[in-house]
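**Student:** Just dropping this structure here.
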Amino acid sequence: MIEKTIVIVDDEPRAREGIKRTLSTYSEGQYDLHLFDNAKEALSFIEQETVHLLITDIQMAEMDGLALVSALDAQKETPAVIVVSAYSDFNYAKEALRLQVTNYLVKPVKKNELIEATEAALEKQATLKKQAMINEIVDDELLKINDQHQHFSRSIKEAITYIDDFYDQPISLKEVAHHVHLNASYLSTLFKDELKISFVEYLTRIRIQHAKQLLLTSDLNVTEVAEAVGYHTPKYFNKVFREFEGTTPGAYRKNV
């Protein structure tokens, strides 16, 4: 189980210590718990660290819990949120719903309710993060091609399969044409007619998509990523990546 960072905000010492004790016992050390007695300090921490879940009281001095949740909109990566309140107030619940809070718990919070809410919130946060990563990686042009796949000729389907299988090798138009029993010039024309992009562009887009996936999900350095997707010259890989993504591979990994 991967360690999750959880921020607990409550100006009542007994309340925040109780939440900490329950989650610490349940998680057996798998939760990295950080406690704050005010929203401003909690927000400052969240702005600097990767936080998976925020559990916050509503009624607090200076900055209340809902104001804290609202301030998270400015964050690049927002944690899941559980709001805890001593008030079963419809207006509070309505505002929490508007802010897309994962759960709203009324004090005194039962241990099993807190644990279930925490697990559900972390699972939802992980799902959203995974979806966001998929959306970032996927190439819209390749999505359109995939949607039209059933309408392509058998030769193009075979060519696409071959490229998808061997994109990490130094394949050429001539090699793929030989595989599908066509001459290179005719296969090139088929790509432009059916896919609306050239053979080279399709191959490049496939390689860049796989490169983005590796940059975001592996510890391979840029040179290793380049080699893994069929580029044996890192400088050329950087050039091509910038042409398609508008940034370098290193900057992409850092900023996404």
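Cβ atoms are placed via backbone N, Cα and C, with glycine included.
As annotated in TrEMBL:
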type	residues	note
DOMAIN	5-122	domain 'Response regulatory'
MOD_RES	ASP57	4-aspartylphosphate
DOMAIN	157-255	domain 'HTH araC/xylS-type'
**Student:** What are the DSSP helix/strand/coil residue counts across the domain 'Response regulatory' (5-122)?
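**Tutor:** Within the domain 'Response regulatory' (5-122) the tally stands at 56 helix, 26 strand, 36 coil.
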**Student:** Can you break down the domain 'HTH araC/xylS-type' (157-255) into helix, strand and coil residue counts using DSSP?
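**Tutor:** Each residue of the domain 'HTH araC/xylS-type' (157-255) counted once, the result is 74 helix, 0 strand, 25 coil.
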